[in-house]
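S.K.: Here's a structure for you.
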Amino acid sequence: MTDTTHTAPKSAPKPPGRLAEFWSYFKENRGAVMGLYVFGAFVFVALFANFLAPYDASAQFRDFTLLPPVWQEGGNWSFPLGTDPLGRDMLSRLLYGARYSFFVGILVVVIAATGGILIGLLAGFAPRWLDTIIMRLMDIVLSFPSLLLALVLVAILGPSLINAMIAIAIVLQPHYVRLTRASVINELTKEYVISARVAGAHLPRLMFITVLPNCLAPIIVQAALSFSSAILDTAALGFLGMGAQPPTPEWGTMLAESREFILRAWWVVTFPGLAILFTVLAINLMGDGLRDALDPKMKRS
Amino acid sequence: MLRYFLGRLLTFIPTFIGVTLISFAFIRVLPGDPIIVMAGERGLTEERYQELSRQFGFDQPILLQFWDYLTGVLQGDLGQSYVTKKPVFDEFFTLFPATLELSVCAIILAIALGLPAGVIAAVYRGKFFDRALMSTALVGYSMPIFWWALLLIIVFSGNLGWTPVSGRIDLLYYFDNTTGFMLIDSLLSGQSGAFTSAVRHLILPTIVLATIPLAVIARQTRSAMLEVLSEDYIRTARAKGLSPTRINGLHALRNAMIPVITVIGLSVGTLLAGAILTETIFSWPGIGKWMVDSIFRRDYPVVQGGLLMIALMVMIVNLTVDLLYSLINPKIRHR
């Protein structure tokens, strides 16, 4: 079959490639680039936590419980960021915690995006009655505050990190469905789709090869944003005791464990929260940069 | 116009049924036998089991069960709490004022700070003010509020001793629950110091709950203002020689308000989700804490009923926002 989609003819002089063009917009946004660096560091820590961490995340040093960070009186260079109530090294636990947040983010986004894109494509191409049913279903899911629905789902499935991830993915999915469907409907009115249809492209080809690539920009932005909300919501569930269970060094769970010590040992509370904040902030900065670079409306302004 | 209204109202019905169906399904998909879970009795005999099954209506076809549940919901019957044995519906409305009071204070704070912040950032686009405000907004937007609450407690309750750590009012004040709103009740009681105490208890939870809506409103106001400020009629107003305050405040802000109002309406869901965390941390006796406690106590009728009530509220607010929006913006209803 002949290629009927509108890929630019190869002979035409097209100075910057898509990626290069994107990068030139992206790098203008200094915040976004900074976010990218921080995110890079976060990924690095997540991948190599076992080499970077001085101790095992659950190793307990009973003689050194609630040791303050090194710059405070009583601190010890063996535990640069201090120890928690069980004498575990804060730094090691934080480094290992990056691993959980990172994999939670990736998995939740992959599950939510795959499901959401498929359903959204279906809704966009489907006859009107099916579209209406799908969108009403999504409205129903969106009627529940996300954290509450996730909490209740976890109550049904049982508290664990995996179940928290499933719950959050379900809750985030309707956003992808709505975005994909809206872009698909918008694209369907364009001439290249009509020409592909006339040329006899079958439905799957039309869906995945002709239309989908042109809908990806807002979905990519949404992916960045839901990466950060996945991290936040998992931490919130962990904090409420409904996510990762102790002694998992997940940042939200670490906060929950140290709550009773907040007035005695500021560091056990401050560092896990800072870790969450920095990671989420970096991803959101990146997301803003992505949006500005990918959104054609904003480009010329 | 009327047609849009009716059409939008009609979509409410399937969503309502769907939400009810989800909360109906909740108790039936729980691990374990729902009858044993609901009975909460040890060593059930076969006879007692059958009796309970009849009592809960589990011996009937599932569709009939759902019909009974749906009609019950419409009459305000959400079942009984296992723990307190009180109707879930009544408990919800006893606790709801606490959540409403906190949420209203939070949204007022968010609007009072977020709106001006967004306007200033838009007017000084690209300058220092814009950058400082928008960086702060992004930090607020990325904030894990449960951690933020703990930090505020460390600083303001721990180190400075300015604010109490939890609850709605000091225990030494006692008065009738006339309206359920502590600020009003404490004033009505006429006891000296009661109102101040209520305010002091409100400050930290309000700040925590307002953080994310505040950031969202500031960001949305800025982008809406920027869009409006590039319109022709603003240029005309400038050319006429109107003062910048008048242009920004009157001409631009009024039109920028449309998307901002939508965002404010949509942040009700965010507020309720935030209330779950905020109320748990500050032991605020509202809906959010009630839900979390009930989940831990396995008080399933409460979880089921609360879930439904909260979803209904979000739906009603969204519906109202949509209808209001169509009143303000004629483009929508003629789509």
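Every residue gets a Cβ built from N, Cα and C, even glycine.
Keep in mind that TrEMBL annotations are predicted by a computer and have not been checked by a curator.
Feature table excerpt (TrEMBL):
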TRANSMEM  B:9-30  transmembrane segment
DOMAIN    B:96-325  domain 'ABC transmembrane type-1'
TRANSMEM  B:100-124  transmembrane segment
TRANSMEM  B:145-165  transmembrane segment
TRANSMEM  B:198-218  transmembrane segment
TRANSMEM  B:256-282  transmembrane segment
TRANSMEM  B:302-325  transmembrane segment
S.K.: So are the transmembrane segment (B:145-165) and the transmembrane segment (B:302-325) touching or not, going by 3+ C-beta pairs under 8 A with a sequence gap of 6 or more?
M.R.: no
S.K.: I need to check the long-range neighbours of the transmembrane segment (B:198-218): which residues 6 or more away from its ends have a CB within less than 8 Å of a CB in the stretch?
M.R.: 101-103, 105-107, 109-111, 113-115, 117-118, 121, 133-134, 136-141, 143, 145, 148-149, 152-153, 156-157, 162-164, 167-170, 182-183, 186, 260, 263-264, 267, 270-271, 274-275, 278-279, 281-282, 284
S.K.: Could you pull out which residues elsewhere in the chain have a CB under 8 Å from any CB of the transmembrane segment (B:9-30), counting only those six or more residues past its ends?
M.R.: 37-38, 65-66, 69-70, 73, 300-301, 303-305, 307-308, 311-312, 315, 319
